[in-house]
């Protein structure tokens, strides 16, 4: 009996798993983003603990919150918008309802604030009674681990120094550091046991200053001590001890510098030649970089200068080139004329004298300009150099023969030539005086740029060679340099070693220890990101409570201001509602004050409350104790709900958009099924002239996207709307009309399916007396339910999600379809509303999912059978 071999297709399975993850990630992102409280597209945690269904509630229920109620009251009192036609009695009734809602919100706010206050109290109480010792046990466990690391690192560095032949005399420094920490502990103990006010800011600042490394008593003496001693003179003897401790730290720093200097002396003695070579090479590279930068700067200056000169020279060259043909024609005649036997005569005054003097200037200046510009590519290409060369010949000839030409200037042959050259010369002479200096400067700058370019190239070549040499040297001595750098940091290791040997007993010590360890005091110690989170946990909790207290105080002040104005408005409600009734426009002061108070005061209160919420959220994620975690998350939740009651929200008629899409997609899909099912029947069952051509015509039409016909559709809809008031732009019916153009594909689908139904069924029915329509309606249609379901659902889905045509036709927000409305969520007033956007996306999928699930049993059969010809 043959054995069946079981194969393991691990690669295939791996590829499938990767594909599934990639395909499903967008859906997972949509769901997680729609329920996260933050409004970010991507969060450090895809699955956050800060979840809410408020985005869905804001889309479906849209309950008005405090700022919206205030705005609604203002609209009612002004009789604007939806309230323009209501009576005073209706306005009063509506206003009273809104005022009750405001009172309910204020009551909820007070309850929320009290609840949060109570939760904070429970957290602090629970921390002190149950978890404080565990926290400090964890903190000291981390500290002991650090001590072992630094002890090992210290041993390794001492061993490394010995291997390299470096003697590190650290005993004096080690003793000084121990004395310093012992003295510091004594001063801190004195402070704690003193009768000084422990809640005073000066006390807290002093304690934090003492625990900081490096110690800086100078700033403390100026900013803290001078004020503190005036309020509590008893601090003076302790201050003397603190200043003495500051001097001890200075002695430690002096000893550190001496130790590092001793190490450097030994390093230079042992490895000085190699290190000196590296240093010299680096210095040369830096010098070359500096020189290169200077050259580049000079080049930029020259290029900018040449750019300005070039612009002016081009303007001059345009004039000279334009006159060239005229002068060339005239010069050809003069050149052929025999001037040998003519007695010359110089002009005495007038234009002729000016012409004569200008010719002399041209004959001397133009050759020089030509020499300056003859190698410049830009002027060779535009023809200016050739023009200058030609003018050099012309004006040299004119200068040599001017008196003779002047003598015969009035003759028939020479007169027009003379006048033409004179006119052109005087015209060009306007810019002659600046032409020479401009050309000289441009030529000089160009030559200097070329020289600088060569120099820069040589510098870069030299730098490349030096960098290659430096790379080889560093590669050879890289490990040595790192080891020497570590040995030079040995004094810092001694400080950290002593700091980590001291037990941490309170929050001040924990916080400052964490700060020291994360400060890169010893540059080769880089702790894990969240290693010292537990040391700052209590501080963060206190910060969160302080932010909440600050936000609560500001929010209560705002609420009291609003309540005062609400009471005024309530007491005079009928009078206020009568003021603007009948079209009057007057400001209702209490409501205006409420809006002003909200706009000016809520922002700062919200900032503090948001910060408190963010801190407790982070603390809950970093807390391993379930009871504390639960309480912190409750605080975060209550803070979030509190803000939801007070923050301005984006309100969109989303459910109206969803209903519009369902109506449009439903009508279009039903009409499409009706039209195509009837229209496809003749193409399947009947034979008539143009049948094949008609089918191909429908196929060709379907090749072109519907957007191509938008201009024509837009024009038709505009005409229909202007002329008849139906099927116009910005109407649901007009959009349905535009969507009815996609019937060709569905006709092919129906036709293909009809072809699979045997003709004999209809023929038998017709023999029994049925008409063609009866056979179609009672036999073909029932048998075609699968393809009807397919066309219905595909048309519904395509129409429901269509954006471009709907965006062009619909202008009013109330008429938007789901796809057009969804786009508005991507552009909030300050940022994209990702929470609302993703929640709206998921809600929009519900109608299609329901339709698909209700008809899925017909889809596969309809698609496959419609593609097979029977």
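Every residue, even glycine, has its Cβ placed from backbone N, Cα and C.
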Inset, instruction - Among 723-745, 746-768, find the range that TrEMBL records as transmembrane segment. - result: 723-745
Inset, instruction - Check each of the ranges 622-643, 776-797 against TrEMBL and return the one annotated as transmembrane segment. - result: 776-797
Inset, instruction - If TrEMBL is the reference, give me the range from 9-31, 32-54 marked as transmembrane segment. - result: 9-31
Inset, instruction - May I ask you to check whether the transmembrane segment (9-31) and the transmembrane segment (723-745) make contact, with contact taken as at least three Cβ pairs under 8 Å and only pairs 6 or more apart in sequence counted? - result: no
